[in-house]
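K.L.:
In case it's useful when we look at the structure, here is the feature table from TrEMBL:
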- 282-308: compositional bias 'Pro residues' (COMPBIAS)
- 328-337: compositional bias 'Low complexity' (COMPBIAS)
- 360-374: compositional bias 'Pro residues' (COMPBIAS)
- 428-439: compositional bias 'Low complexity' (COMPBIAS)
- 447-456: compositional bias 'Low complexity' (COMPBIAS)
- 18-279: domain 'Protein kinase' (DOMAIN)
- 274-380: region 'Disordered' (REGION)
- 413-456: region 'Disordered' (REGION)
- 513-556: repeat 'WD' (REPEAT)
- 645-688: repeat 'WD' (REPEAT)
- 690-733: repeat 'WD' (REPEAT)
- 388-409: transmembrane segment (TRANSMEM)
């Protein structure tokens, strides 16, 4: 069971006849408490946050969770005892399941042995079949939502579950936890029980290897793999490999049902079962030996040479991978579900195949798991271990909704105040160029009057200024600031490292900054006390400030109460503040002191952007409805501006906000491959949707090209495109990129517009546009 936190002074001691003994977990939707009834029975009590009590839709979602849980057979989940109201705050009292989550067990004791894994697979898929039989799609099946009780596994947290009936269109809205999402959840398509089957299979891969099927990383990285890359299941026991491969099909129609899976698993857990259509695993990968039989469990394993990750280049502090070895001081598995650690895995970027699991089987170790080979870390390509993130959750853990991270782009017309970044700034992606390596020489810029298309496909009026190659991780974030009178490009990558580059020539500026223990989601630039400051945020639940010139930390890290997805620096009430989007809502912090400032009721999707326009600070983000909409808030008052801007057919991926003339405008790009323009004041769409991209949108940015407003955009179709803001026509220019750009920043060199693209290969390219 999760550790119980003592009650805080502001928390109630009694609710609905139940004595609260402590807090088991808290998050964006509510808090879960350990409670005791009049009969002495201990239960889990979940109550909606007070700040959400006035939100009718939040109350409705909370009560829908209780109804969904009640419809499910008791063997599948934790039984709901009662539902009540405390003022206008609903609460749910449920059976207390005494046991750790699958996430806690695997993180603490390593992957499960094959026998325990098969028992887990049978128990969880039986629970899933019961959930589907009740007409429910869970939509957030993951290790932290599987509790390993003494009587078997239970599937919990129906906070975003939906019923398969006529009252709801089972559209994604994009809700779920990224590493365990199905392709249709990411794309915003219709959901079905096959969605849960996909997430179940990713969870089983985690239980078998210590890693989700598509690895770790920031949201754009993981979601790209889910949509485009086949997982490496070579480390999964052969008896389950074929079943899981079918469950991980990109096409929901090709996945077996939970009932079919259960029948296959109990038929000798699929090893020699009759040839059902989804059970053909095919031969093992070339050169891979069949898995050896489990041996007796011993802990710790025999002493071996230090793993390769203990000698990382670049001066980074070694961090062990989360799947490799027990935590310090551990003497054995914490429960019958525990297992040995798996060997270090390898990350291999490949157009159609990604390997993030332990290597092929070798001789059996004394504890019954075949070790993989040690994978050496290559200079410049070290992969840092992720911090294990265990959600302390009881019967109905806290809802954490996540959507795709996109860039935050500062428009050319953003109003700047004291301490606020200069107009041509921007922001988010993944990867970083090599330190100390000069960029390639810039080609001559063609004259606008005589320019012709380049033979390589680069259109007239666009020239490569420089590129910086050889980064070891995807670039998740870009921004531009000013230091000592020159423009400095700042990149944040998927390894949590910040690097700086001179905009004029692409040369490295200073040394890399080992900024976060997880991938950087977003960057922003501002000034504090006359010093240039870069702000970075990450899934490691911190907001950090860095001196742009020296690279040293400014003040202490700001610890948030959840992952931090987006950040910007704006002026609110004459004060320079950091605006950050957390899993629990938007938060404001003083840029200089780090003090958290009052703000309630503002909650956006994780692709939020913050700008000063029209004399006020405005926050813009997507919502989770179907069809999705764009919503805006005044950060000074906390009030929503107008109604949701609706028109997109699928989830919103990219946003920007600025002014064109005297008009305040929002740009939005979505999975439906369109860009839409909105008038912030009237709520009306401007013109028709802009079409031209052939894959999911990643970035949109408003810019000024020689006094004319234009839009720059990137997509997974490996292009940078430019559009006339005032026209409904297709793109004026299409620049082919070597790899998809998930980071975009804008600035100027010699008065000319420069677009900086950070791509999936860890490279930054500067394009001059005339």
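We count from 1, first residue shown onward.
Note that Cβ sites are derived from N, Cα and C of the backbone, with glycine treated the same way.
Bear in mind that TrEMBL entries carry predicted annotations, made automatically and left uncurated.
Quantities reported herein were computed from a predicted structural model and do not represent experimental measurements.
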K.L.:
What is the number of residues in the repeat 'WD' (690-733) that are helix, strand and coil, as DSSP sees it?
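P.N.:
Residue counts in helix, strand and coil order: 0 helix, 26 strand, 18 coil.
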K.L.:
Quick one: mean pLDDT on the domain 'Protein kinase' (18-279)?
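P.N.:
That stretch averages a pLDDT of 81.
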K.L.:
Determine how many residues of the repeat 'WD' (645-688) DSSP places in helix, in strand and in coil.
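P.N.:
Here the numbers are 0 helix, 29 strand, 15 coil.
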K.L.:
Residue counts in helix (H, G, I), strand (E, B) and coil for the repeat 'WD' (513-556), per DSSP?
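P.N.:
For the repeat 'WD' (513-556), the helix, strand and coil counts are 0 helix, 26 strand, 18 coil.
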